[in-house]
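Remarks on the structure that follows.
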Amino acid sequence: MADDEAEMYDGARAQFPLSFGKQAKSQKSLELVHNATRRNNTSSAASVTQPADGKLEPSPFPSVSSSSKSWLNSLKNPKSSHESNSKSKIIGPSRPTTGLSSRNDKEEEEEEDGSMIGPPRPAVDAKTEEGEDGEMIGPPRPPLEEEDGEMIGPPPPPSGSMGSDSEDDMEEEEQNQYRIPLSNEIVLKGHTKVVSALTVDHSGSRVLSGSYDYTVRMYDFQGMNARLQSFRQLEPSEGHQVRSLSWSPTADRFLCVTGSAQAKIYDRDGLTLGEFVRGDMYIRDLKNTKGHISGLTCGEWNPKTKETILTSSEDGSLRLWDVNDFKSQKQVIKPKLARPGRVPVTTCAWDREGKSIAGGVGDGSIQIWNLKPGWGSRPDIYVANAHSDDITGVKFSSDGRILLSRSFDCSLKVWDLRQMKEPLKVFDDLPNNYAQTNVAFSPDEQLFITGTSVEKDGTTGGMLCFFDRGKLELVSRVGISPTYSVVQCAWHPRLNQIFATVGDKHEGGTHILYDPTLSERGALVCVARAPRKKSVDDFQAEPVIHNPHALPLFRDQPSRKRQREKELKDPLKSHKPELPITGPGFGGRVGSTKGSLLTQYLLKQGGLIKETWMEEDPREAILKHADAAAKDPKFIAPAYADTQPEPLFAEPDAEEEDK
């Protein structure tokens, strides 16, 4: 028995891969993991990259980060970096030396062929140095306190910090004050078209992305490994693009807005909780309909009240809904229009306290309503012609003083809510080709960001643009993708990570920018978690399935349903009666060809059969048979021969003949 069991075990073990049952190698260090996700263009000071052939090429994406001059020198002189180990080339200020070792160091430098860059070492005796090599260049190094190498005063400046590079350092310090996480990047893939909707819950653990491929993907940072795969995929409305996603204040539910007229509510795990009702499209007044009658454009959950949501639609209305009642809306808001009609509302947003609503209307106007007792559809703030094209996104600041608006007219405008007649600042040259392109604030609201689209003949690609709120100026442009447009963007306050959705007609994804020293959790958690390796417990032997009914002996008789349907279509086999023919015909036969037979049709077209009844006088046609009827009466005349009076026909007058 023991031998049999051993043979069975060996036979089963032979089916396992060699890696099964072996102890996995140690995990990579966090430093190696983050180096693998480091962005290539974060260290380019003047938009310079070095390809494999060694030639310098300008990078298409200028970056926020700047590098030191030594890095640029290493690019210009690639050999110097390789020979630095064998030759004593000293870059930058030299180390301070003691009196005992200065002479030996000087002799060693002269023996080697390497040249010294930067100010020389301070000499032991100034006279001897002047006699041999001339005057000393540069100030001497500060003396040492002790022989153990402790230095008095501030440390020497880093290499290359003199001259023109000081401006780059000042720029870098100025940008670092915003705590912009740009050093590393990961991409959440899975969509087959551009990602048009994005939302991150308040704790920063789950990310939802919606796309033009009609699907919503759910990502969980806590359960995701380095493969960055979504744990669930939804299709809210078949054949309709996903246009907006929004978490509830408690993050237990989320709102999904698609191109259909009905928004849906899902729970945190992606299970459908309800779908709002669709309105009657034949009712003219939108206030009398129970829901939207055209495709939705945007939607957002109230940031304070977890029972209220806001939606906008192409039917020209905004509606407030109660998530506990899917049968009818709470309030219908009709925007103010210059002329009667239906103009779509392209975007909408709540303020931080959930007491004001902003809507972007298709005529280019921005309208704001304050929720107060007895409020109606008349806007409290109305800005006509705020943009020259459709508005794609509006955003309130948390203090309620600033409103940002993004539009198809390639501009971003900053508005002061206390005086909305003219914008505070207009930023142009921001290409926008998607109706969901938004604008977002940084966690401290010192900055606001927006994405740009790829132009047909442009060379910049999709970028994230950072603007300073206080100075109202462009801080930087960060390249996200050379071929894909940036649509949605978000800067999470707890994670301190930037999310940007990109894509085109063939692929879409969500880029997450983070910095291991500035960011927390989120991408840091899943990147450091390696995929679990298979073990012996995961092995499943493929079962052998025996299907006796697959044999011809046990197979059921083929269905004759399809054959019967084919016979029903055959007019001969089904004895189908001839359908009535409509249209003008010939010879008492109604037909579209003026004759049911081909010969009749050909004779008619050839002129052999002539129709004269349209030109004949019916009275003459009847009297033409009067003589034959009098000579050979067959039907009526013999029966009434004795009682029927003799018919007398009126003779035509000369006047009638003339007429």
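Glycine too: its Cβ is placed from the backbone N, Cα and C atoms.
Remember, TrEMBL labels are computer predictions, not curated facts.
Residues or ranges marked as compositional bias 'Polar residues' by TrEMBL: 38-50.
Sequence annotations record features per position, and here TrEMBL assigns compositional bias 'Low complexity' to 62-78.
The compositional bias 'Acidic residues' annotation in TrEMBL covers 165-175.
Here TrEMBL flags 564-578 as compositional bias 'Basic and acidic residues'.
Annotation source TrEMBL lists region 'Disordered' at 1-176 (among others).
Annotation source TrEMBL lists region 'Disordered' at 550-587 (among others).
Residues or ranges marked as region 'Disordered' in TrEMBL: 639-659 (among others).
Residues 33, 235-247, 249, 251, 254, 256-258, 268, 270, 434, 436, 484-485, 487-490, 492, 494-495, 497, 499, 501-510, 512, 521-523, 525-532 of the same chain, all 6+ positions outside the repeat 'WD' (188-229), place their C-beta atoms under 8 angstroms from a C-beta of that stretch. The repeat 'WD' annotation in TrEMBL covers 188-229 (among others).
Annotated repeat 'WD' per TrEMBL: 289-331 (among others), in sequence order. According to DSSP, the repeat 'WD' (289-331) comprises 0 helix, 18 strand, 25 coil.
The repeat 'WD' annotation in TrEMBL covers 345-372 (among others). Only residues 6 or more beyond the boundaries of the repeat 'WD' (345-372), in the same chain, are considered here, and those with a CB under 8 A from a CB of the stretch are 297-300, 302-305, 308, 310-314, 316-318, 333, 335-338, 379-398, 400, 403, 405, 407, 415, 417, 420, 435.
Beyond its flanks by at least six residues, the repeat 'WD' (384-425) meets 338, 346-353, 356, 358-366, 368, 431-441, 445, 448, 450, 467, 469, 472 of its own chain at Cβ-Cβ distances under 8 Å. Look at TrEMBL and you will find 384-425 (among others) tagged as repeat 'WD'.
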Check your understanding: Given the model, what does the mean pLDDT over the repeat 'WD' (345-372) come out as?
Key -> 92
Check your understanding: According to DSSP, how is the compositional bias 'Basic and acidic residues' (564-578) divided among helix, strand and coil residues?
Key -> 6 helix, 0 strand, 9 coil
Revision key, fill the gap. DSSP tally for the repeat 'WD' (384-425), helix/strand/coil in that order, comes to 0 helix, 19 strand, 23 coil
